[in-house]
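What follows is a single structure, written as structure tokens, with notes after it.
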Amino acid sequence: MSSCKTTLSEMVGSVTKDRGTINVKARTRSSNVTFKPPVTHDMVRSLFDPTLKKSLLEKCIALAIISNFFICYWVFQRFGLQFTKYFFLVQYLFWRIAYNLGIGLVLHYQSHYETLTNCAKTHAIFSKIPHNKDANSNFSTNSNSFSEKFWNFIRKFCQYEIRSKMPKEYDLFAYPEEINVWLIFRQFVDLILMQDFVTYIIYVYLSIPYSWVQIFNWRSLLGVILILFNIWVKLDAHRVVKDYAWYWGDFFFLEESELIFDGVFNISPHPMYSIGYLGYYGLSLICNDYKVLLVSVFGHYSQFLFLKYVENPHIERTYGDGTDSDSQMNSRIDDLISKENYDYSRPLINMGLSFNNFNKLRFTDYFTIGTVAALMLGAIMNARFINLNYLFITVFVTKLVSWLFISTILYKQSQSKWFTRLFLENGYTQVYSYEQWQFIYNYYLVLTYTLMIIYTGLQIWSNFSNINNSQLIFGLILVALQTWCDKETRLAISDFGWFYGDFFLSNYISTRKLTSQGIYRYLNHPEAVLGVVGVWGTVLMTNFAVTNIILAVLWTLTNFILVKFIETPHVNKIYGKTKRVSGVGKTLLGLKPLRQVSDIVNRIENIIIKSLVDESKNSNGGAELLPKNYQDNKEWNILIQEAMDSVATRLSPYCELKIENEQIETNFVLPTPVTLNWKMPIELYNGDDWIGLYKVIDTRADREKTRVGSGGHWSATSKDSYMNHGLRHKESVTEIKATEKYVQGKVTFDTSLLYFENGIYEFRYHSGNSHKVLLISTPFEISLPVLNTTTPELFEKDLTEFLTKVNVLKDGKFRPLGNKFFGMDSLKQLIKNSIGVELSSEYMRRVNGDAHIISHRAWDIKQTLDSLA
């Protein structure tokens, strides 16, 4: 109902102890005069508690309030129900305007210019009246001036009013004018606020249906719950802020006391103006009259205008804007992105019925707005011909598929920076990838909500005769609530948080701390709670249509899954797994029954976890029963190697196929060549025998015959064989000689014959011009080198040296024609193996294979990804 409750609730809370029991000090706003405020009481006690002294104005106010009921009875008997309703409706509108506009103007001028205080000082309203009146004195009553007579009357009346109201020990002249002005101001506030409340209640009472059937239903039950909750909000708010805030005390003077957040002020921003008006809607539900609901909406909306144009400006001038370094972090990140990337511009964002940050030079903005315009115009022009069943399927499928797409991007981005890598490897920047994501996400929101609006609008239009006006208005209120939630969320976390910036630009985060400002002070995940209430509002607007219920469930589930299983794990990874209790959670846990339930749940959870841990320990104990050798990886590998050697060669003493230095080296790092020694009995040797190189995983199925092609990775055993294949075999066959019993030789597989893929390989010796296997070598490993990535210069040096040895570098540019086995994919794999990043083939072709550009680009990507880790 009043201001400083918002002032202190939003900015610093308020004292929770009674003013009379603690030593509260106050000071005037301009002169800084300190004083101890007197004990005051709340509005209801001041007016109706018979044990308290009553001033003349308080008695008049109480009589005016009570007279409303007699007037209501008389007007009802004389003019009937409808006239009486409108009579009190007009009264309510008058007092509501007097509240929001009248009190608003008074407080506005008091806040800016201390108008009431200066007026009291100028006319000495709270100064002592001398007994010997001087003709030149301000207190002279000899003058016939109406002005002086008027101010003399005001002076006497105000002093009499305060003396009759306050205890005898209250010294009127010992206090500064500010406190006395405030005490008089309270009287007029009591009149306006009580009249506003009583006339509204009478109007509502006259609007309640006479039929018991219309009263006793689910709407009335929900209405009573809202009213009871509203009463608790009012009582708890007054418990926290006391009279000082209830009557806008900080417009007159400032209290110096310990200020804390408590109770209802942990549940909602501006609780007296937000959830403090839920009783209005509870009464509207009981009445089931859309006219009452519209009046309630008017009263509530005018209160928000009062908050926006009177209280909030005063709050910011008196206490600051309430933001700290943590709450401004995301905003600073947005500024930093714009500063470091001259071609970056703020993304287009849809907020309700408007678009923010429209860029006339950005095509995607036209595309987004054009999509909305096309869908809306198409729906309006073809409303009669649209099949609602098909439209429902379209909305459902569009929402589900687009959500899966969005969720997949976020999940893969969180796990491996997939989306950023996709753009980096194609030559774009990290920020450019973020810009594309911003378009995708905003377009997803715009498209799905536009389709939902169209479908709901057509549902209402096609079945308007069955739509309940109250339900329609309540639905619009829920839509407005979701729109407000979105705006508050964006205000709290800025564009960076709205577009999941910590998924894409975590290297821009300087402080690993989640914001607890704005709406996040009350809810940990407002988008999961209030971010779908507008969709449920469409259920009300369409009179609980089954299709709208299905869509609302879909929206709710997808929102919940995204927050629970993608956003929350990522937030824990970036900011640490800290348990942050929301304001609502603190308040609920402060209630003793709920706190007891929470303790029971925690104890049960601890018991379950302990039992699972004990069971896990028992099951792990079975591993000790295994032989120790089987737990030793090195010995296990030796056993596997011996088993493979046992089938690698024939029993003949002259059958041999061995890799040189295989006892020393089983892992060949490219471009190191692999030399093979072979021996074959002379009676088995054929001049067309050949040796092929294969991946073990491809040939493991058959040890007698090779059933896969060598892909060119083969060599003859004799220089004179396979002459039609050019000089390749003359270079690979380095030695061959024959004796009476056997033939032996050496074959070297260099970069012109080797694979450029990491893996386990083997050589196979084939008989004649066939694929019959005579000998199989010991498996060995081929791996790409790990280049030096300490600096971009060293990385470029190692890369160019390797490409030169592989014969694919010419004039500093990659030319795969020099080696048919080392193509674009091999180069990509080499870079990925060395530096952990991948460049696309398209990008490398775009830069014409320039080794300098490729190496430096890969190194830059590595630095970017490292900064995101």
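The backbone N, Cα and C atoms fix where each Cβ goes, and this holds for glycine too.
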I'd like to know whether VAL44 shares a side of the membrane with ASN387 - going by the topological domains in Swiss-Prot.
no
The transmembrane segment (440-460) touching the transmembrane segment (363-383) per 3+ Cβ pairs under 8 Å rule
yes
For the topological domain 'Cytoplasmic' (77-86), the DSSP residue counts stand at 9 helix, 0 strand, 1 coil
Would you say the transmembrane segment (390-410) and the transmembrane segment (464-484) are in contact under the rule of three or more C-beta pairs closer than 8 Å, pairs 6 or more apart in sequence?
no
For the transmembrane segment (292-310): best-contacting stretch of 56-76, 87-107, 188-208, 213-233, 440-460, by Cβ pairs under 8 Å:
87-107
Given a Cβ distance threshold of under 8 angstroms, which distant residues of the chain, six or more beyond its ends, lie next to the topological domain 'Cytoplasmic' (384-389)?
455, 458-459, 462, 547
Please identify the stretch among 56-76, 188-208, 390-410, 535-555 with the greatest number of Cβ pairs below 8 Å relative to the transmembrane segment (87-107).
188-208
For the transmembrane segment (213-233), sequence-distant contacts whose Cβ falls under 8 Å of one of its Cβ atoms, 6 or more beyond its ends
264, 271-272, 275-279, 281-286, 288
